[in-house]
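Beneath this line is the structure, given in structure tokens, with notes to follow.
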């Protein structure tokens, strides 16, 4: 039995355990399945709060020091004079101590493993708690820390109890020897840096403290020490065996018996009792303290992410008189995970992984996760058709897995290992001195989490190269848990240490032949000789800011190539932290905003949702691409569609198809049909379409699938899938528009003035621009209508380029080098002509930089008898410059419209390579809703393929993209944070005939697909504009 140490604090610290990779713990108890230590079966079955598990969360005393050596020896027994109250769990950086540091892969400390800086911020926590004599005499008392970053020492009642590192797994200690009836005192010394920090180089905020739950756990003297349940299914999946192993501990275990019972809806399905003692396993005998039992189950309800059917399994330990000593319990899901014929399968069905990577992040609480936030994340994921989550890049809070079991998500559980900043990356993975530390991070994860049905894949970690340590750990996991595959991307994504080819940021059709670790195109990879494993991207579609272009291409490939089984989007939530400015106003901060160095700026903003879980527009693109129903227009006369269910296990029993036929947004007919589609089957639906009269406008069939009743993760009427098709319509001949008076041209010294009834247009003869437009005496322009060839750079345009490290290959650097952000117009022609029924103004501009013409823009403006301004624009692009971001026009309007209405793609922001989620229709939104508040400001708010646009007195027609914003492109370009943007007078209107895609395969290299780059060197467009 462990005896608490009387050594002083300074003597214990003098050993510098935190700089010894061979020391990962002192006196920490072995890993096991989570415990609650119920004392009756009913409570365990109901998962009620256990009276013998007491939370120690709450207010603790806290003192902060710059280094552990500064902590006085007396702190072990009494608080320091400067102690303050701090909440546990929390990160101390979020409580006003020390600095949070955001870096992607650069280590935040000098790289000299296993040594860390002498200046090593140290947090000293203390808490007093009460226990009575009966509690102490009736069993063992343990303390459980679910997460402490990065290493800590523990004292109780002045006695040193132990040490632990690995910030993302529990550390459990036996306090029994030092507890006393009445008041007891805990003291926890937490170090910011330890040698384990070299294994925790994940792309995240680097923070410290006791950031997960702390609890006291009371176990009887003889108790359950571990349990493990494995489900086995027959080939027809209608018979199951539940193989259960239970380990006991304590002096009297041999006299005890364990009743193992499987429950379903409160009823016992199967039960068996057994005494400890395993079968003989070798020449030395058996495990005396273990027992193995089998529970047969007929017609089991199978678990999947679609149908998260759960049973409850209880383990009741009884003494020789039949009295219950200890009860543990867990949820059980009957499911089989396997790889066969090159496919990852659950219950015999090949999966299509609709996955996302998720960091544990909260804008106010840092890395502290509460149940409400976890539930919200899962609900949003399921509402947007995700079925899988990767715990990037560490084991999560224990509750997360229980929620995934119950809501239904497939989980990749990942070890807390990343050495991204090492050179080479595999330096520690190939060093046997680091094998114990790496081993504990993998083995303890498996032993804690292996009972969860949601976990279908183990991951050995992230971006740590590939070394002999990985091979050893792979073999241990496969031996310990042969029921799950193992994945690991490091070393090229297809080493012998992975059952799944799991690259990150491989592209659909483009090879990236990096030296040593090439990334082949997805289609090529699965066809390579001797490669028979499934391919699932562990990271793809880097959703940084205004990004996610080309996501539909991935999903086309996934649906067309069975061994391309999906992937995990990077990533779920923008990792911004709430900070207050000098005026006390809160804003979302990113790398560098806390004075943290080194830092990687806004590279932490890669989420599909904002920090408060408000969706980015990209989330809707994922929802549409990943939807579980596909549609086919079979015929238009009669009007027939097929609806196919991609569900593998779910019978449609809560879905309804709602359809309407609309002309330019006006509904002509509608209806609804109940869906009764079996898994992977199709339902044919004939729609009673009316005869269409000849009229202006396009006719569209719109179909939505909605859930009629609320579910555990969605409200009633939640739309889970949709599609639309343009239908043939009778030819319509529009009558000519007749005006009452022809426009009049006046050639003045400085302007060409066109008048028509209550309207006047001024074309400046020096600039050639439309500088003012009066309507009923009101000036409508604050800045002239002028050519627009650039955009406020997106994160994907910037790539890794920054002031101290220019990437000449980044789009923004290529545009800068060509002079596109410093264009000067030179007017070559400006003339007006009075026609019989109209006035035309013709201009020709050369847009130059450093005396070189980059663009030629010829515009012919025509004002007709109806007072409509028609624009016909031809643009030539120089052959030796990079392709531009846009071809269009921009102006600043004098009025600020309250709303805008348009006929085109909407309602949400969409771009040419990210418009799968956009729907053709007529939409109306407030002006502010047309702006996307990306934390790092960029071009935003575009709506594509617009036929009509109406706001205030303005009406525009044509085929164009538009954005309306309170902020100019220049301000968006110059401003570092969204909260620093200042609304400008009026409103900025951008009309684009052509706009480059946003890209998104990754955010550090040009990733816009060729078809979404403006390759043509001559372009022409036209539109009309009128005011009422």
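Every residue gets a Cβ built from N, Cα and C, even glycine.
Taken from Swiss-Prot, the feature active site, proton donor applies to 463, supported by similarity to another entry. Of all the Cβ atoms in the protein chains shown, 21 others lie within 10 Å of the Cβ of residue 463 (active site, proton donor). According to DSSP, residue 463 (active site, proton donor) sits in a coil region rather than a helix or strand.
A sphere of 10 angstroms centred on the C-beta of residue 539 (active site, nucleophile) encloses 25 other C-beta atoms. What Swiss-Prot lists as active site, nucleophile is 539.
In the three-state DSSP reading, residue 540 (substrate binding site) counts as strand. On its own chain, residue 540 (substrate binding site) has 504, 505, 506, 554, 567, 568, 569, 570, 1001 as residues at least 6 apart in sequence with a Cβ closer than 8 Å to its own Cβ. Annotation comment: Swiss-Prot describes 104, 203, 463, 539, 540, 541, 542, 606, 1004 as substrate binding site, evidence class similarity to another entry.
In sequence order, 542, 543, 544, 570, 571, 574, 575, 1003 make up the list of same-chain residues 6 or more apart from residue 606 (Na(+) binding site) whose Cβ falls under 8 Å from its Cβ. Residues or ranges marked as Na(+) binding site in Swiss-Prot (evidence: similarity to another entry): 203, 603, 606.
The Cβ of residue 420 (Mg(2+) 1 binding site) has 104, 105, 201, 202, 203, 462, 463, 464 as same-chain neighbours under 8 Å, each 6 or more residues away in sequence. According to Swiss-Prot, the Mg(2+) 1 binding site annotation covers 418, 420, 463, on the basis of similarity to another entry.
What Swiss-Prot records for 599 is Mg(2+) 2 binding site, and it gives similarity to another entry as the kind of evidence. Listed in sequence order, the residues of the same chain lying 6 or more apart from residue 599 (Mg(2+) 2 binding site) and placing their CB within less than 8 Å of its CB are 101, 102, 103, 591, 592. In the three-state DSSP classification, residue 599 (Mg(2+) 2 binding site) falls within coil.
The site 'Transition state stabilizer' feature in Swiss-Prot is assigned to 359 (among others). Residue 359 (site 'Transition state stabilizer') falls outside any helix or strand according to DSSP and counts as coil. Around the Cβ of residue 359 (site 'Transition state stabilizer'), the number of neighbouring Cβ atoms within 10 Å comes to 21.
Residue 393 (site 'Transition state stabilizer') falls outside any helix or strand according to DSSP and counts as coil. Taken from Swiss-Prot, the feature site 'Transition state stabilizer' covers 393 (among others).
The substrate-binding residues named in the record, 104, 203, 463, 539, 540, 541, 542, 606, 1004, extend over a maximum Cα to Cα distance of 18 Å.
A Cα-Cα distance of 7 Å separates residue 359 (site 'Transition state stabilizer') from residue 393 (site 'Transition state stabilizer'). Per Cα geometry, 539 is the residue among the recorded positions 539, 603, 1004 nearest to residue 418 (Mg(2+) 1 binding site). If you take the Cα of residue 1004 (substrate binding site) and the Cα of residue 603 (Na(+) binding site), they are about 10 angstrom apart, rounded to a whole number. DSSP classifies residue 418 (Mg(2+) 1 binding site) as strand under the three-state reduction. Residue 393 (site 'Transition state stabilizer') is 16 Å away from residue 603 (Na(+) binding site) when you measure Cα to Cα. Summarising the environment of residue 203 (Na(+) binding site), the number of other Cβ atoms within 10 Å of its Cβ, over all protein chains shown, is 23.
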